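Engineer: Mind having a look at this structure? Questions to follow.
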Amino acid sequence: MKKILLLFLITITFNQTFSQTTWELLNPKPTTNTGKHIEFVSSNKGFIITSNELLETIDSGTTWTKKQNITGGNDISFKNGIGYVAGDFGYILKTIDNGVNWQQIYTGFNDSFNTVNIIDNSTIILSSSNKIIKTLDGGVTWLSYTIPNVTVVKTAFTSSLVGHAVCNNGKIQKTIDGGNTWYNTYSTTTFPSNFFTVYFINQNVGFASRQHDYLFKTTDGGETWTEITGSFEAMYDFYFLDENNGFATGDYGATYKTTNGGITWSQIFFQDGYFDYTSMYGIFFQDSNKGFATGARGRIIKTIDGGNTWTQHSPTYNDFKQLQIVNNNVGFALTDNQFYKTNNFGDTWTLVGTLNLGTSVTSSDFTFVNENLGYATTGGTYGGHVYKTTDGGSTWEILNNGNDIIDEGISSICFLDGNIGFISGGFNQKKVMKTTNGGSSWTQVSNQAFGNIQFVNSLVGYANRIGNYYGAMYKTIDGGNTWNQLIEVAGGGIKSFHFVDENNGYFVGDNSLFYKTTNGGTSWTQISVPYGYYTLTKFYTPNIGYIVNENGEIYKTINGGINWSSVTTQYSINSLELVNNYIFTAGTNGKIYRSFTGNTVLGTLEKETEKQFVVYPNPTSDYINISLNGKAEKVELYSADGRFLTPKFITNTKDFIKLDMNDFSSGIYYLKLTFKNNKSVTKQVIVKK
């Protein structure tokens, strides 16, 4: 017991010095930012720009990685090995080796550029909202030419002299003298009539699109424009292989194909219909079969059959409702009605199963007892059903003969094991229901509606009341058969709570609501937190924990709420998990993040297992000796910021390990030893003097 207490005290010191700085995006990869444009320089190598990233593939879109950070990216273009990225506030990148290396260059102008036009290696024309910036010597010198009385959205130059500019308020301008003068080729008084983009196949044939879903074509070099009618959404980008065969993509995920020069367009959708937050802004085809598109939420899609079918680069870009990490390998995440599963602690996710929901029925909470057995619920007016899986989410059986168990939706679910579980919800008839046979039958135990239910052991559990102006915490000490109110608070209610043990718990809510108990809810103390409307809270220990507000701001305390530090912002977070020394978040746009916290917390097995090693001397200035009670299968060493370090073994036997610490700087180090069958993973903090 003394050894465990000593380890806990060392852990507190460690966490006071630990800085949680990095978050790994697990889904969608490689970005959550909107893809603005896509270009390929070979069959394998291509680039996508977002507002702050340059993404690259070198294997024809099988994998995409972040090449580098950029600033305010708006457009990218390549020709003959030369490439440019144009962005806001004068930001320009240039490559002369097809994107292997990029160098920031300066034009002397601080405009926000919307288009790159590469005429040849020497002549580059950039455009902003009211001018073009042009170089005739490959970027050594730049000249500015005003485009008067318009707000330019996009330009397309077909030569060093001839260019076209589509503008707000329904105007198209043309120059035939390299931008010295401009004249109007199209205008309208229709409102709204802002143009989206302009694209030319050659000097004569081009297309332009504007609000809301208008499409125009020219065959005389932009002197006249003819409207193309049809049933399609707004088009944001075009790509043509020749005058007849082309592709377009745009609003609500709409993607189209033409084989007659844009006179008619057929749908080649990557999804079943039009959906919000799925707009696509860049499209590129290498030939009539292989193509790519990118857009909202970081979505990247690929086709190899001319758009008949598409594959997404990431498993999903839809909002995650909930995330649960079941063990060191397996976890589950739920979108609308689809379950995604990881078998490698979040590194990759795959669609594993789907809930077959009825009309107007939405999914609600779920819980997994282990990696195979899980339960899911439905919410809303027409909800109230419970589903069960015994094969890790692949298939789901609806219980109670398909009938709802609680009328008007379930808001919370909790299972203690494979047999004993609880659900709660309802609107006009609020209920808490209990099962002792794995969901085969249910008995009502309360007339409250709980938003969350948590048991700390087989008898003691806690829940928060919802559906009432006054939020309240409830407690059971008889395994959920009876529930008694602990505290009631006004104004918006309690949104989330968490108990680390039978005594220590916390709850959060609107208007910076945060309360703490150290005696199992007998009394509560209100604690000050940064202002916000809080939706989630989880704690490692009575002192170390996190709170999350509706803006996705995460705060951390290491002293039980006395002080709070900002960790990160991820708009917005719907689920929070603390697993070993990692924190997971899941939320909108299909986002799942993971971060190493450095919080050393003994798991249940570790608390019940005799400590299997002793470290001395600690603190140390040179060497660490480790006396073992059983051979360590794995020895891991981490820096205070979570970086893995290669241990330098002097001795490594069944009973004794000696590590060389001489090359490490002074500070805190984190030692993790895994023993046989992974049944005892013990952590220790080393202090290097």
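Positions of Cβ are set from backbone N, Cα and C atoms, glycine also.
Below are the features I grabbed from TrEMBL:
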SIGNAL    1-19  signal peptide
DOMAIN    19-142  domain 'Photosynthesis system II assembly factor Ycf48/Hcf136-like'
DOMAIN    354-496  domain 'Photosynthesis system II assembly factor Ycf48/Hcf136-like'
DOMAIN    615-686  domain 'Secretion system C-terminal sorting'
Engineer: What are the DSSP helix/strand/coil residue counts across the domain 'Photosynthesis system II assembly factor Ycf48/Hcf136-like' (19-142)?
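Structural biologist: Summed over the domain 'Photosynthesis system II assembly factor Ycf48/Hcf136-like' (19-142), the classes give 3 helix, 55 strand, 66 coil.
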Engineer: Take the domain 'Photosynthesis system II assembly factor Ycf48/Hcf136-like' (354-496) and count its residues per DSSP category (helix H/G/I, strand E/B, coil), listing them in that order.
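Structural biologist: Reading the DSSP string over the domain 'Photosynthesis system II assembly factor Ycf48/Hcf136-like' (354-496) gives 3 helix, 68 strand, 72 coil.
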Engineer: Summarise the model's confidence over the domain 'Photosynthesis system II assembly factor Ycf48/Hcf136-like' (354-496) as a mean pLDDT value.
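Structural biologist: The average pLDDT of the model in the domain 'Photosynthesis system II assembly factor Ycf48/Hcf136-like' (354-496) works out to 96.
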